[in-house]
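Colleague: I have a structure here, written as structure tokens, and I will follow up with some questions on it.
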């Protein structure tokens, strides 16, 4: 159960306790009704007065138990939601699938988690509470008259068994809806991000058509899911009414008419009252179980994330020579790098060149641990890089990306990412990257805007460079690091990088022969590819 695994166990135990109390109060209500009917049958005002105070106490107890149960349910849902969000946040941050779409992750953290709350967590609590109510009503009914209670029980059991029929189809429909929902979120995010391009090239009609197609797929999958769920709920209600109401009522009334010695009218009416606490919980349980089934594909993702290994923060990889031995890299089954051999000694300055499409950026992603080696080996010093130590590997690298990402926060946060650095270190990184004039004008607390919209391309790239220089990692990976800088600032940055003590691996399309001579190695991936 998700509520047991991800919630606070003491809250769930209390929830069960208050549900038991609420179920007992329901039996008390039936007993009060029976006593009142007995008083009416005996035409005794004394018996009626004797039932009033106990009945009031039972009704008050039922109200308190219901109130406490609802409070505990709200507390359990809150705690489970928080724990699940922590688990999934850890999975997305510590074990990111950098080759997948961010839209699918966003969809899961918003729409899918809400569905898990409604159809998963709430449904589990509903089943627990209603099951306790059902069992309590059965015990009370058996105490009144076991034969009539048994008929009620068997009749209600028919509806419960029938609810199992379409659970497989419900799971499939829920999985299809989750996939369509992810496609909708990812596609919408992609198209909205490119609205300026769409407008310039007047592609509004095509894009609107594609968005409508995604919406149609999403709504069709949701319609099918709702139809299946509603159909099962309706079938469960029909069976519960036929076998859990009509059949037991007929048998019970026949026994009263026949003068059964163990079933007086008052006792039968008490069982009828309890039958509501058998039938209604059963109908609600069937609906809750059906909803719970729709959440199972999503719950499976959370359980898998919960069992993912915890990332160790300690640095376990010692720096040393970087070596690729017959390394292959493939993305979506397409081989990008094939049998690459490469050796870079500590402190070397390496320039990687090639036309577009030869895997320059892919090589940097491989070295940084973002992509695995499909075949061959990747060594740093005496450590073989594997999926188990990629987090430690990333602590060795600084990265300057061609398209920097800016968080919707201040310049200071985008530089430090929440880590503590001395002001002297911050000022030095700003000076070395050419960011100092912007800070002098705007200040460290200047808001850069969503994805850096308040910065120019050159300012964003200088901030990205400063972010890498600030940390002084042993290896610096630079992907077209100066593409948005003017020539003077580009030369200034190259001078600084080439004089730094760490290892530099830079990817560049165009760089003068004068600068090429300053590097220890110039690797041309297109020439390596032609030799293989």
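Note that Cβ sites are derived from N, Cα and C of the backbone, with glycine treated the same way.
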Colleague: Quick one: which of 87-105, 106-124, 125-143, 182-200 does TrEMBL have down as transmembrane segment?
Modeller: 125-143
Colleague: Using TrEMBL as the reference, determine which range in 55-77, 262-284, 285-307 is annotated transmembrane segment.
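Modeller: From TrEMBL, the annotated transmembrane segment range turns out to be 55-77.
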Colleague: I'm validating the feature mapping. Which of 224-247, 320-343 is tagged transmembrane segment in TrEMBL?
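Modeller: Checked against TrEMBL: transmembrane segment maps to 224-247.
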Colleague: Match it up for me: which of 149-166, 203-220, 347-364 does TrEMBL list as transmembrane segment?
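Modeller: From TrEMBL, the annotated transmembrane segment range turns out to be 149-166.
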